Amino acid sequence: MRISSAFLWTSLALSWGTYAQSSSVDAYLAAESPIAKAGLLANIGPSGSKSAGAKAGIVIASPSHSDPDYLFTWTRDASLVFAVIIDQYTLGLDTSLRSHIDDFVSSQKIIQQVSNPSGTISTGGLGEPKFNIDETAFTGSWGRPQRDGPALRANALITWSNHLLKQNNASYVTSTLWPIIKLDLDYIKNTWNQSSFDLWEEVSSSSFFTTAVQHRSLRQGAALANAIRETSVVADYTKQADNLLCFMQSYWNTAGYMTANTGGGRTGKDANTVLASIHTFDAAAGCDAATFQPCSDRALANLVAYVNAFRSIYAINSGVPSNVGIATGRYAEDVYFGGNPWYLTTLAVAEQLYDALIVWKNQGSITVTNLSKPFFSLFSSGISTGTFSSSSSTFNTLITGVQNYADSFVNVVAKHTPSGGGLAEQYSRNDGNPLSAFDLTWSYASLLTADGARNGVVPASWGAKGLTVPGTCSGNSGPTAHVTFNVNAETVFGENIFVTGSVGALANWSPDNAIALNADNYPIWSVAIDIPASTNVEYKYIRKFNGGVTWESDPNRRFTSPASGSSTLNDVWR
Ligand SMILES: *[C@@H]1O[C@H](CO)[C@@H](O)[C@H](O)[C@H]1NC(C)=O
Ligand SMILES: *[C@@H]1O[C@H](CO)[C@@H](O)[C@H](O)[C@H]1NC(C)=O
Ligand SMILES: *[C@@H]1O[C@H](CO)[C@@H](O)[C@H](O)[C@H]1NC(C)=O
């Protein structure tokens, strides 16, 4: 067993030197992390070498301009990238990044105000997933809204704010950052309980990743508001954070994993949940299961369920023993680009495990529960439940086993990183060759955060410690408007008219749960429904007859609900 550069980290890393790390992973990361850092910065405007045309602070998803065209800026990807940059700056790892952060702040202040197909700043436009890199709206059809973006942006900017407060720079926080953060938090406060496309832009329902990052944003947003004496929002943010924490628990599947989406018709085993765990990691919260901390028994059981979903479906995983890392993708049913493993999802598994190691070493014990026993059995067969302190040999066996297991996922990525070190979005399930968008900014970010966690880098706490899950969950309808739907439709006897559309109040496009209209004024069919206020809504009428459903012809009908009061839609069946 060679102890190589692991020794260099001992000052940083919570007695890290006691446990040898894989020297091949050491060597890979030593070479790859500068490449990833340079690759990430190359994709940020205005001067990144691969992002010509991007405005200052704008993160392009990838320079790939065709097959697939990723030359756009997604709020999710950009915010996750800037979370890395802000962590590196605020933790003192790279003090050269400040002007990038200033640029990001300026760019987001502009982007927030750009009217787009999801709406204006006050009618839902913050849920727009992506923009052109010159900060104009993308107007093509897309899976919208996506409500994780505003939460991730707020999380990055709140971390930045907390740092600046410690630097006695409250005036900048109050005058520049807070107005941007507050728009995002108010949006989340009002809309978290409406359906949203998931982070993979495919399923419109509720999504665990979105709920978890929204919870974090309102929780730490309330704390920031308190700190800068914006106390009027604290109670509302806290109340909705409690509701979100409650709702998070409902995704748990008693088969032992967190279900990714409430819709979508899949098993629900999805990298969504692993990413949620690492992007809401708070070392101060220990192994708390309610916030799905990386070392919680729920998150460890979930990790096993998620990883095992890929064991038999990818050729490159064949024959790998169950306690050694494999290539993992978004979810087993994935068909996008042929449905392959992704670099960032494989690295997310490693990062969750490195995060867990940080906490176990810090607290000096590991607790094995019924739920996490199958996970720990990978490293100590026949292990019993209980708490193992750092003085026990079991603790050391488990730490070493988890460390090697985590490293083995990085090894998979290392094996399939091409010479030159560029990280694409995917690598082939059959031969491991890179696929889809090249130089994916998020891939680079994921390598940097996994490497940081392996080195014991602990991101700032966001207040996950000691939270109590409310006994009953409440939704948050927020302000509503009373909207009357009238449609002139001739029907045959026994045929009825229903309406469904893009919001929960319209049954989220479900023909089964569509809202029935009455024919009291036939041929005018009518129903009045409370719709979220100031929201862009799409809808259609449908006919049901003898168990069959007939939809109106395209395109979808659209309207924006009023801020309050009532409105009437007078339509003619088409
Ligand atoms: C506060 O931070 C902003 C943003 O980086 C910077 O422009 C400003 O000079 C800082 N002010 C002080 C007093 O440090
Ligand atoms: C753990 O599982 C065992 C055996 O299935 C059972 O007897 C025990 O009650 C469980 N313990 C807890 C805390 O659920
Ligand atoms: C709204 O909140 C309630 C209560 O937590 C939950 O049952 C429901 O699924 C939520 N709906 C959406 C679309 O998030």
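Keep in mind that glycine also has a Cβ here, set from the backbone N, Cα and C atoms.
Quantities reported herein were computed from a predicted structural model and do not represent experimental measurements.
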In TrEMBL, of the candidate ranges 260-280, 554-574, the one given as region 'Disordered' runs 554-574
Hey, of the active-site residues listed (ASP198, GLU201), which one tops the CB count within 10 A? ASP198
Taking every residue in the domain 'CBM20' (475-574), what is their average pLDDT? 91
